[in-house]
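For reference, TrEMBL has these:
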TRANSMEM  A:22-45  transmembrane segment
DOMAIN    A:80-219  domain 'ABC-2 type transporter transmembrane'
TRANSMEM  A:85-104  transmembrane segment
TRANSMEM  A:125-150  transmembrane segment
TRANSMEM  A:170-193  transmembrane segment
TRANSMEM  A:205-226  transmembrane segment
TRANSMEM  A:232-254  transmembrane segment
Amino acid sequence: MNLHRIAAVIDKEIHDALRNRYIVMLMVLLPIVFAAIPILSLTSIRQIPPSRGSSGELPPALARRLAGLPPQAQLEVFLVSQFTLLFWIAPLAIPMTIAAYSVVGEKREKALEPLLATPVTTGELLTGKALAAACPGIALSWAAYLLVVAAAHGIRLSPPALETLWGPTAWVQIFALGPLITLLATLTGLIVSSRVNDPRLAEQIGMVVILPLLGLILAQSFGILWLSGALLGVIALFLVGVDALLAALAVALFERETILTRWR
Amino acid sequence: MIRAENLTKRYDGILALDGLTFEVHEGELLALLGPNGAGKTTTLRLLLGLISPTSGRIWIAGEPMTPGSHGLRRRIGYLPETPGFWERLPAWKNLEIYARLYGVPAPRSRVMALLEQFGLADRAHDPVATFSRGMRQRLALARALIHDPPILLLDEPTAGLDPEAALEVRERLRALKGQGRTILLCTHDLEEAERLGDRVAILRTRLLALDTPDRLRAQRFGVVVAIELDGDPEPYLPRVQGQPGVIQAALRNGRLEIQVTDLRAVTPNLVRSLVEAGAPILSVTPVKASLEELYLQIIREGRGPGESG
Ligand SMILES: Nc1ncnc2c1ncn2[C@@H]1O[C@H](COP(=O)(O)OP(=O)(O)O)[C@@H](O)[C@H]1O
Ligand SMILES: [Mg+2]
């Protein structure tokens, strides 16, 4: 692995992505949306009279954990933990789009042949593409998260809710699980992208990754499951394994000869 | 510098290249001439290790070339059949990325110098999508040279260009040849092959011929003498055909065109015999067969049974 070559690939991908209007639009809109949803909902529940916020509606596991807190705080903690889950998904859309276009786009422009004639290895090429695709989305989702944290302080969220939003459990989710899931989606997008000729198909298949995540969010909101610190740790380890496997698979499935000669 | 031994390539059972063996010497320009589908592009891709041969071996600068020989690619500049730029990126950025991939020191200034040299400096910041075909081809040539490689593999660099743009690219190739680079130039343009090639290889799935244009001509056609008469040459044709050392004689352009085994040995006797017969000779000129005739003949002979077109 030569870092200069990886950097050159990243540079190319970022420049290319910034000239894609759709991707730029996503880059502007998504962080705003992902910051706005939590901020607006948290602001609005502050307006609800405290008596209405009833702990009876919370998932039983959470209600037990939060027993003793005022109902308003309970509701806030619940909402905050739901929104933290949102940040697992927040960084996904941009990387998926970039990854899906990156190999297919180059196949269409026939730009892969001269590129593969350089000393760049498949590992370097895919590392560059994966990083270039994943990093902007991750950075933007972190920016959105920090906005939400700032706003939460601004609207004086109850201390237990603030702790949930800005504490180790949230950090694991936002700074570890978010990037790991993004990498997973990006690698899936790259693999599909190197095997098909339609970027939308690559994007859609990559998006399938999101379904289990939505499942987790729903499971938690219906109280079927509570994402404790230990469970999050297990999920993170699992994701590290899956990502490593996918990275190896991506390199193995990127058959230079097939890509050059059989994509027409 | 470049050596291919018994290269064979099949695509899903389709034989694209059959037992190709050749060598390009250091500092030489070898023109690889062949019709569409002859296997020229396949040969270049094999030499670069972009695809692997069904059988056979390749050496570049003495080292075996395989799909894993990433470092060896630094010795080679490649101009693909379709240039394949990142269309949305500006020209300079396209080249700069390549400069960095090849590990060129001070990539930015190298890029700007090349763009200047190739007359593209004023368009350096425009996306390649806005470039004409001729400009793209110049840019592709600049890209192939970005790391100053000793070996150049060029796939039909003038195909599809208007005559002026083609001429310009040809001039640049001539200049490159003067710099001592080893060049393999694929083309289906006979004139280009003859004007630029030190040697010409004629390919049609198999290698049909490989030599200097002059020697190929001599081997194929012997030598041709044209004799111009004052008046109709036709009556003298049978007499000429009967002479020793004459392979074949025909009327062409109002002259007798006579293929002989050896210019020096045959011509004086031929002229004497015609003078004896009372032929009013105006001129006797040795002519070179056009490379086109040569090429067509070789290609026709090389066509396998059952092929047509
Ligand atoms: N990707 C491919 N799949 C199947 N056959 C191919 C492929 N590329 C080339 N061929 C076949 O191999 C032969 C040689 O092609 P090519 O090397 O492109 O010739 P040239 O460059 O001289 O026109 C042709 O018969 C062509 O149809
Ligand atoms: Mg070709």
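Placed from the backbone N, Cα and C atoms, the Cβ positions cover glycine too.
Below 8 angstroms of C-beta separation, residues 80, 84-85, 87-92, 95-96, 98-104, 126, 129-130, 133-134, 137-138, 141-142, 145, 164, 199, 201-203, 205-210, 213, 227, 229, 232-233, 235-236, 239-240, 242-243, 246-247, 249-250, 253 of the same chain, each at least six residues beyond the ends of the transmembrane segment (A:170-193), sit close to that stretch. With a threshold of 8 Å between CB atoms, the same-chain residues lying at least 6 positions outside the transmembrane segment (A:85-104) that come near it are 13, 16-17, 20, 22-23, 26-27, 30-31, 34, 37-38, 112, 129-130, 132-134, 136-138, 140-141, 144-145, 173-174, 177-179, 181-182, 185-187, 189-190, 192-194, 196-200, 202-203, 206-207, 209-210, 213-214, 216-217, 220, 227, 259.
Applying DSSP to the domain 'ABC-2 type transporter transmembrane' (A:80-219) sorts its residues as follows: 119 helix, 0 strand, 21 coil.
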